[in-house]
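> Shown below is the structure under consideration.
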Amino acid sequence: MVWVAAFGVLSSGLAVLSSFGLLLFCGVPFVVTVANAPFLILGVGVDDMFIMVSCWQLTNTKNKVEKRMAETYAEAAVSITITTLTDVLAFYIGIMTSFQSVKSFCLYTGTAFIFCYVYNITFLGAVLALNGKREEGNRHWLICTKVKDTVQPNRSRLYNVCCVGGFSDKSSGTGGEHPVNKFFRKYYGPFLTKTWTKMFVVLLYGAFLASSIYGCTKMKEGIDLRNLASDDSYVIQYYDWENKYFSEYGPRVMVIITKKVLYWNASVRNDIENCMQSLENNSYVDKSLSESWLRAYENAARNNSLNIDSKAFFMGNLSRLFTLFPEFEWDIDISYREIAASRFFIQTVNVTTAVDEKNLLNQLRDIAKNCEMPLMVYHPAFIYYDQYIVIVPNTIQNIGIAAGVMLCVSLLLIPNPLCSLWVTFAIASVIVGVAGFMAYWDVNLDSISMINLVICIGFSVDFSAHISNAFVSSEKSTANEKAVDALHLLGYPVIQGAISTVLGVLALAASKAYIFRTFFKIMFLVIFFGALHGLVFIPVFLTFVDICSRSNKRVN
């Protein structure tokens, strides 16, 4: 099915092109994080193709193409719809965040998923139907000419391999069982459903959960500013030297009086001084390194017997201050012989972690808010400190809302409440695993990793939903047989989807930019743990629940 595979990749490319073109036309900002999206869409689009091809190959080759297509869509459409809907909702829920970069990424990627779904069930479906016509006519896979359906003894082996078709199983009418599907049915499924294997899986899950929870307690908040630059940028060297030689000093914060006040009024100057002292008494501030033009002006006035208690004298004598301290001229905004605004400086110290930065920002802002003067504290780094204040609440909010939405979607689309609950369980379990192992892989909780945790919700549904839905839909009589049947049907597509998604983002692993490397790390964790749940944990746990439910029915 070479043509189907090729057009499946093309379908994903068309989805990226359509979504990006539409949103750029609508004026949605394109930020650097959006550059991750095409790698992700490529992997996910190919996942859906694998599901459709897998269901197609299970149909009877003796049937008409129309019937085979109907059977394919009956099996594949539900799984693809569920996973696409959950992925799209997960990304659109991410738009609720406070960060513009996250909003743009989620909007671009969620829209691309919609186009990917539409192209898969229309464009790719049409390609699959045409390929079915080719199979029905026993035509060559490349040049589409009629080929013989029996081996020609007088021809070379290469000719028989390339130009002889019709090797479907004549008795069953199927295209033959793929070796990996056979492995899941004959070896892996029976092995996984043995009693001692199940006990080992339970112990393995306990170790996974304990390690993940411990990792969550060690997670760090905030983004290192050096990570915003490329690895070969001189900015990296700058931050390394700053950390080595000036690590005890934090940002030099501006204290700005934002409105016109009566500086020549002694009581007003006293209020300003009280505000400065309140800021200097903070544990993160070194009062000996503060800088105030007003203090210098008052000292100069006392030493030179200058009168600054009226507007005329105060404004008229400012030139003497600038003669003594020329640098203070930059701290006063004079407009029409009025001081429109002015600023002072305080030096922060011992601000070494993201928690310190968050505490510093909150404490300085609280002091400024309670001051009698209209004060604002500011430093260019505060734009990064602000995210530390909202990152945890935003992450919890987005994950909580998304998980709830995923449960509702599962209950609506999967005709079994038990299956929906297991899908929700897999979401929570994978999120805990990814968040915990982020700490082991030196990934902090910041706006970049928050994007990926939102993605985690959508992708963790994919693997568990496929397997859970196949389990509860199986007509086998025992729980173990249902698990084997589910793995036989969808184990191979799950592996294909996991590998294709990882390969899709693998190029980002070698990037010189922290943003792209972080995206790869978390996507790898999401896919690995999602596949682990879908192929190992969920099948085993479903057998336990199915056995318990059957036992309760017999007791009743």
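Count begins at 1; order follows the chain as displayed.
The backbone N, Cα and C atoms fix where each Cβ goes, and this holds for glycine too.
TrEMBL: automatically predicted annotations, no manual curation.
If you look up TrEMBL, you'll see 1-130 marked as domain 'SSD'. What TrEMBL lists as transmembrane segment is 7-31, 37-56, 76-95, 107-130, 195-214, 396-414, 421-441, 447-468, 489-510, 522-545.
Just tell me what is around each of these and how deep it sits.
Proximity of distant same-chain residues to the transmembrane segment (7-31), defined by a Cβ-Cβ separation under 8 Å and at least 6 residues beyond the stretch ends, is recorded for 37-38, 41-42, 44-46, 49, 53, 100-101, 104-105, 107-108, 111-116, 118-120, 123-124, 127.
Within the chain, the transmembrane segment (396-414) has long-range Cβ neighbours (under 8 A, six or more residues past its boundaries) at 78, 81-82, 85-86, 89-90, 93-94, 96-97, 420-421, 423-424, 427-428, 431, 450, 453-454, 457-458, 461, 465, 468-469, 472.
Taking Cβ pairs closer than 8 Å, the transmembrane segment (489-510) reaches residues 36, 39-40, 42-44, 46-47, 50-51, 53-54, 58, 79, 178, 180-181, 184, 188-189, 459, 462-463, 466-467, 470, 516-517, 519-520, 523-524, 527-528, 530-531, 534-535 in its own chain, all 6 or more past its ends.
Counting residues 6+ beyond its ends, the transmembrane segment (522-545) has Cβ neighbours under 8 Å at 40, 192-193, 197-198, 201-202, 204-205, 208, 418, 422, 425-426, 429-430, 433-434, 437-438, 441, 443, 449, 452-453, 455-456, 459-460, 462-464, 466-468, 471, 479-480, 482-483, 486-487, 491, 494-495, 498, 501-502, 505 in the same chain.
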> Please work out the helix, strand and coil residue numbers for the domain 'SSD' (1-130) from the DSSP assignment.
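Its residues divide into 113 helix, 0 strand, 17 coil.
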